[in-house]
């Protein structure tokens, strides 16, 4: 039998509704009281809520009653707590530059990381494709270099005196030369296109593997890492990084290697055909052109990095604003967020303007170098023709060979610029893969205990999300197998942290968590998480159908098992009312359904998962009383099996009064533990204090509801 400890304070409650607070609407006072009940602890926040309800005198009298040494409602012997100095909160200083302090990855390291995807160990099919693509590349460039030679031969062949005795039909030799010219040009293009087709599969496979491995790595990172990152920035970094891989691969195979090969061939031909002076001029031009391009591009790189940072920030602001659309509307902060988004876009605009201006400078410098060299070589060639050392065809050949380099050289500038940009984008992607996995299996993980459910034991566990602020402090307690255990306490005492530690979202800094005597850090991580089910306070749902969200509890479940879980969670009524039934989209984070329906969906998920250990993390605290009672009934019907260990983290003590064991936390340590009756039997226990506060607030809630009804009655009679 549950014992309800009553207090002789009813007159105080009635007297507390003083005339000075009658001006406060009853609905407002009732809402404040209900909010305080949901807090479930006697703290300063609750005191403010009560004052807003106009019942601060009751709260003070009740506190005096509970804190008195003799328990008779007086506070003569009550000790007065010393006043503590209130520290002022200092607003954060605005960022002055916004530059990232994170270390960069060298370009050589990035290329090395990428190379293993295009030349994978043990995958001969991919290697053969790469070799075929390189062979086609070389063939295309050799044919491309032959084009100016056929053009030269055609011009020299036609350098004859045409008269009436000369046949009107071109000689066969000239015809063959022209046809060879066309065939070489067509062959070079076809070889290039075949190279693209052969290498496309290699490039796309590399992109797929990098994206998949990055995603899998992100899924293995700890919860703390994800909570400290902005989702919008992460998705943008992955998107740009994969595009960067695509460009780097195409640039290397389709541009950088071909350009280098073609320049080498042209320099060799010029040296062999016309002497070292033409080759030296070409070589010096290439050096100057490349040096200017690389130096200028390196200078422009920081502008691009700055643009990326601003782009990430803008994406994060936009995504956060859209995800929290309701909150934006509640507080009328559309203009504030628009200004915030505008600031990020302005920084992106400024960086992009610098990128465009520096690009104009780069293009002008490149054209000046190349045009100067081409003019000088044309002068040298024309001089050779006038001296008789060269033919007109030779002059055309020199012009064609050098001018033919202008196309790849122009590509060299743009390719190098984009290559640097792509490497920056890939740097962000590969950085994600370099983040260390803190929560992982040991080299030889142990098997789970044979008998489930098993005992969960915390041994001197100390843990904090921040190094200088511990949430749990040397906590020691035991959760018995097959029993209902409740964990209660004031906000911030570490209740939800216990769930996160058992699930191994984090590892404790000190102490151990044991399952039947085995440290959970030594158990297989996937197996551990497979036997723990969670119904959280705010159920995370995907923007998908009800059916798919329930199925997420166990992907390989049969249709009958999913239907059974839906029926047990009492979702059938909702589904029958919806036009599309189980195919109804729940919306982003489940915003298209009510809080109670979201929790029932969460219950259906864990029913489908069917785990021997269950955690209910304040699963009903955000719901109204009627919905809460209905859900508690559903939970009791489905999770009362002795083969399951149920752990309830709760603020509302009425919901866990029937627990086999109640653990009371305060300031990160176990204050007391026992059954509901045993804890209430001790008038000085924290649990007794919390219980009495909530019980008397329930009384006040009932009185305010009655007063609200009386207030409505005269209005009804007047209408009649």
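Any Cβ shown, glycine's included, is placed from N, Cα and C.
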Of 104-127, 152-175, 176-199, the range Swiss-Prot labels transmembrane segment: 176-199
Is residue 390 placed by Swiss-Prot on the same side of the membrane that residue 243 is on? no
In Swiss-Prot, of the candidate ranges 130-151, 218-239, 306-327, 328-349, the one given as transmembrane segment runs 130-151
So how many other Cβ atoms are close to residue 465 (ATP binding site), meaning within 10 Å of its Cβ? 14
How many neighbouring Cβ atoms, not counting its own, are there within 10 Å of the Cβ of residue 492 (ATP binding site)? 15
Select one residue from 490, 494: among these binding-site residues, choose the one with the most other Cβ atoms within 10 Å of its Cβ. 494
Out of 176-199, 361-379, 395-416, which stretch has the largest tally of CB pairs under 8 angstroms to the transmembrane segment (274-294)? 361-379
The largest Cα to Cα distance in Å among the residues 465, 489, 490, 491, 492, 493, 494, 495, 496, 497, 498, 499, 500, listed in the record as binding ATP, is 19
Maximum Cβ pairs under 8 Å to the transmembrane segment (395-416) among 176-199, 249-272, 361-379 is reached by 249-272
